[in-house]
Amino acid sequence: MAEPPERDPFPEFRLDSDAGATFVLESKGKWWHAGFHLTTAIVGPTILTLPYAFRGLGWGLGFLCLTVLGCVTFYSYYLMSKVLEHCEKAGRRHIRFRELAADVLGVGIGATLLAGECLKIMYENLSPNGSLKLYEFIAMVTVVMIVLSQLPSFHSLRHINFASLILCLGYTFLMVGACINAGLSKNAPPRDYSLDPSGSSRVFSAFTSISIIAAIFGNGILPEIQATLAPPATGKMVKGLLMCYTVAFLTFYSAAVSGYWVFGNKSKSNILKSLMPDEGPSLAPTIVLGLAVVFVLLQLLAIGLVYSQVAYEIMEKQSADVKQGMFSKRNLIPRLILRSLYVIFCGFMAAMLPFFGDISGVVGAIGFIPLDFIFPMLLYNTTYKPSRSTLTYWINLSIIIVFTGVGIMGSFSSIRKLVLDANKFKLFSSDVVD
């Protein structure tokens, strides 16, 4: 006797109108694949801005903020994974935050901008009097991203994201070695760890720095990553998070300490620029800096791909036809056109508005702080309804209250810095504003 057909546990995501969700849910990822995806989403070249963030906080507060934000984000992602597991057991598998479009767009623009800057740094080191401008390097990165964007699904990036994990360890250790070499050399820059003498400016700088660190820890695509796991997902995301945060703490602390130790309050928004000053010799061997830049550039391509998957999946919800398959001509042509247009738009915005440090602060305050420090706590309390007498309830409520205040102040401080730096901004400038 023939067995009855297996019941589809997630019928609302098998609708003909939502091909993007269907293609995602076809993935059969393992927990280590989730670890690769999470590491690429969190541990990226934005860690090169940590010394820059420390200059608004100083040693003590910098360490405290880095540790607290790291622990809170891990706890937050753990709660979010539990909520998603609960929904899966109830027959509802959520795969996206629909409100993410603006946040992932900011990440895509930032990744493209930083990749273009890396190419520019390499070019200027090889040809100091060259005529190519930053926007031309951004155009080169955009062309490469258009080609890579045609990889069909999040799960298809698992091997690229494993390479991304190796790359982030590689350039972090190279940069730490370069900073130690610079700090011990006869050309070591004078060290000054003093904060802004103005009390109000110091407060605003501190909240801007907190927003930058929040953006560095930020990961707005956890549902998308968890959706790549073969069901049931129970416990797999926790293992992936442990892998990711092992790499994160190893790289974040080493980059922050070594960079701030050498450059203090003169740290730039990209530590590579600090090691390769406009005047005087490079503060590290050319081969080390060149290799680090190549590693950063390659990982930025992976990061751009990871965060773009959210936008691609939303676009394919309406543009693709699930009945004709992922690689059919009917789905391939719209995918090629829409993804290419999206990447071109990110590249255009990166070339037109090159102020990466300020982008990080604004994205962190407005996007990642609510998404990573407030929303998961609300969802957990709403889903599991812990008693008001439990420690979990009060921890979650405290995090919501504290980070609501931090988000408001961070948003105000980051936007204030944008306004103050407005006179430095030039459309299609060849220099990234710190």
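Placement of Cβ uses the backbone N, Cα and C atoms for every residue, glycine included.
The domain 'Amino acid transporter transmembrane' feature in TrEMBL is assigned to 28-411.
Beyond the transmembrane segment (34-54), the same-chain residues lying 6 or more positions past its ends with a Cβ under 8 Å from any Cβ of the stretch are 62, 66, 110-111, 114, 118, 154, 157-158, 161-162, 164-165, 168, 171-172, 175, 209, 212-213, 215-219, 221-222, 225-226, 228-229, 236-237, 239-244, 247-248, 251-252, 255-256, 259-260, 263, 267-272, 274, 296, 299-300, 302-303, 306-307, 356-357, 360, 434. The transmembrane segment annotation in TrEMBL covers 34-54 (among others).
Residues annotated as transmembrane segment in TrEMBL: 60-79 (among others).
Marked as transmembrane segment by TrEMBL: 100-122 (among others).
Within its own chain, the transmembrane segment (134-151) has Cβ neighbours under 8 Å at 112-113, 115-117, 119-120, 123, 157, 160, 300-301, 304-305, 308, 312, 335-336, 339-340, 342-344, 346-347, 350-352, 354, 428-432, counting only residues six or more beyond its boundaries. Feature annotation from TrEMBL assigns transmembrane segment to 134-151 (among others).
What TrEMBL lists as transmembrane segment is 163-184 (among others).
What TrEMBL records for 204-222 (among others) is transmembrane segment.
Sequence annotations record features per position, and here TrEMBL assigns transmembrane segment to 242-263 (among others). When Cβ-Cβ distances below 8 Å are used as the criterion, the transmembrane segment (242-263) is approached by residues 32, 35, 38-39, 42-43, 47-48, 50-51, 53-55, 59, 62, 66, 70, 74, 165, 168-169, 172-173, 175-176, 179-180, 182-183, 188-189, 191, 193, 216-217, 271, 274, 283 of the same chain, each at least six residues removed from its ends.
According to TrEMBL, the transmembrane segment annotation covers 283-307 (among others).
TrEMBL lists 336-356 (among others) with the feature transmembrane segment.
According to TrEMBL, the feature transmembrane segment maps to 362-381 (among others).
The feature transmembrane segment is assigned by TrEMBL to 393-415 (among others).
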